């Protein structure tokens, strides 16, 4: 009430924050509810992976396991005799291999192509920019059968090559890098050129070192994208040797095992497969957030 | 928008160099440009090859295969391939039969999925963005992280969690039990929610028969077209809303932070209430972003696949079947790749149509909605959003020209604007 003698506009707070106390308390309660809505599933997942099968079935909501057991994780990591039908370490190995190679490749190709499209003048560049934009508009799901066709024709269906190579080329990453390079001040490059550096040297020694934020963004997005990739692996492979965390887990989970069975194992596997991305996310949030907005301006 | 600028031929070299760097002759420039061409192609060649081979070529090949009866074994690009013309499309769209009924069912399912998911995710993400944008709020960044985290995790892992939560005797039904509601057997319940609701209110008795059941469109009875999403489909909708709202929240948040604070303050000075500010200042300014978010939502929701694969594979009673999954299952489960490819082209047509409609609406309203209200720097908000994203990456690029004129691509020289 005392604030009324001053005009509201000089208040530092944005308009929506100027709620009376009870309203604000209610607001906080609502917020807590929202936050729980987003966090609770993960908490339930975490606690369930430490439960036994019967306990998970009878007390799905209790957040503290009555008799915590790490049996699931021993089974998954193989120290407890391997899970039947869950060669988790194999999936993990495949996912890691594919993700590392794809991420490295994407960073290299995206930055090179992005730089050329942003800065170098050559015949056909405008057309290529249009091509990249058009490719981003192609709905990935439409490509399921087409991809299989190409992999089959090239003879790389059900191989690591077939899993990795098509993922190396990613129009969105090229676009992010291109946008970034366009915002780099030209003077720096001009100076390098005048000092006698060629295009390659300028790119490698001058432009790339300046591009750390964009490179980190593309690296993280590539990592997350290929770690979580599902449909491509689903159509590019057949034998269980090539199963990744996503395809393996999907087959394991969607199989007709009946409700209520082995949920601690399923949730534990899902939990372990989430951890790398989760760790990166919590360490490098702002780069992920930047990526979300970069994805929004596909124009 | 940057593309229009890049399509223009490069301005003469002399004009591009400010001040002392200007060289009268043309020959040194030309050699640099000449080598640039080679370097340019060297830099883009992997991308051209890759995108061409794994994105452009497949589409052409699939267009061909959609005209074949192909089982995935023989080589479809030899003369003895079984060419059937438009038969695949005909059986999907025009002829009575299983294929058409399945496609109609999947379209019906997906349409309900889109109709519910897109408005819900947009409303929820806008709400979250407005909450997280409150400067006074403590722990805003933690909230933002909490809301965004589901969008970052793998869809398969998240589906696994949902499978557990929504089981018949699972956590969700236990929660519902506390408030005296007996939850359904989510993943097994194929009843359309409309009939469930009408039944509960005593208006109908189960699924209506008579006229609605007897008359069909594309091989599907009217009662099924009207039934609404099945209970099982509702879990997919909840899942989609829950996982995508974080991403869209960030898009809204970026837009909110681009709205000049003076606008809010001016409105407050004029005595506008909070609700008025929200309705007459914030929402109109957000309209272009709203359209952007709904476009992205529309495109994504017509392609739902992972969740269908994990949660039901079309079951129960085909009520979670979607065109994307149907296409996959025709090809990889039944070895009818021709039919599967035809479905994916029908899906492509739908997505393109949706995008086209949204583009059209966006253009109409984006211009009028903002400039008509006299917002300062109305250069479409989308553009400022783009600038914001770029600014996040490079601080140096933050201030490029006054008000952001529509046509500033890379040709613009920063120094001139400052002097």
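Just so it is clear, glycine is given a Cβ too, placed from its N, Cα and C backbone atoms.
It should be emphasised that the depicted structure is a prediction, and the values quoted were computed from it without experimental measurement.
Positions annotated as domain 'ABC transmembrane type-1' by TrEMBL: A:92-284.
Sequence annotations record features per position, and here TrEMBL assigns transmembrane segment to A:25-44 (among others).
The transmembrane segment feature in TrEMBL is assigned to A:97-118 (among others).
Taken from TrEMBL, the feature transmembrane segment covers A:127-148 (among others).
Residues 94, 97-98, 101-102, 105-106, 109-111, 113-115, 117-119, 129, 132-133, 135-136, 147, 150-151, 154, 207, 211, 213-214, 217-218, 221-222, 225-226, 229, 232-233, 236-237, 242, 244, 291, 294-295, 297-298 of the same chain, all 6+ positions outside the transmembrane segment (A:160-181), place their C-beta atoms under 8 angstroms from a C-beta of that stretch. Sequence annotations record features per position, and here TrEMBL assigns transmembrane segment to A:160-181 (among others).
According to TrEMBL, the transmembrane segment annotation covers A:202-223 (among others).
A Cβ distance under 8 Å defines the sequence-distant neighbours of the transmembrane segment (A:267-289), meaning residues of its chain 6+ beyond its ends; these are 45-46, 48-49, 72-73, 76, 86, 88, 91-92, 95, 213, 216-217, 220-221, 223-224, 227-228, 245-246, 249, 252-253. Residues or ranges marked as transmembrane segment by TrEMBL: A:267-289 (among others).
Beyond its flanks by at least six residues, the transmembrane segment (A:127-148) meets 113, 117, 157, 166, 171-172, 174-175, 178, 231-232, 235-236, 298-299 of its own chain at Cβ-Cβ distances under 8 Å.
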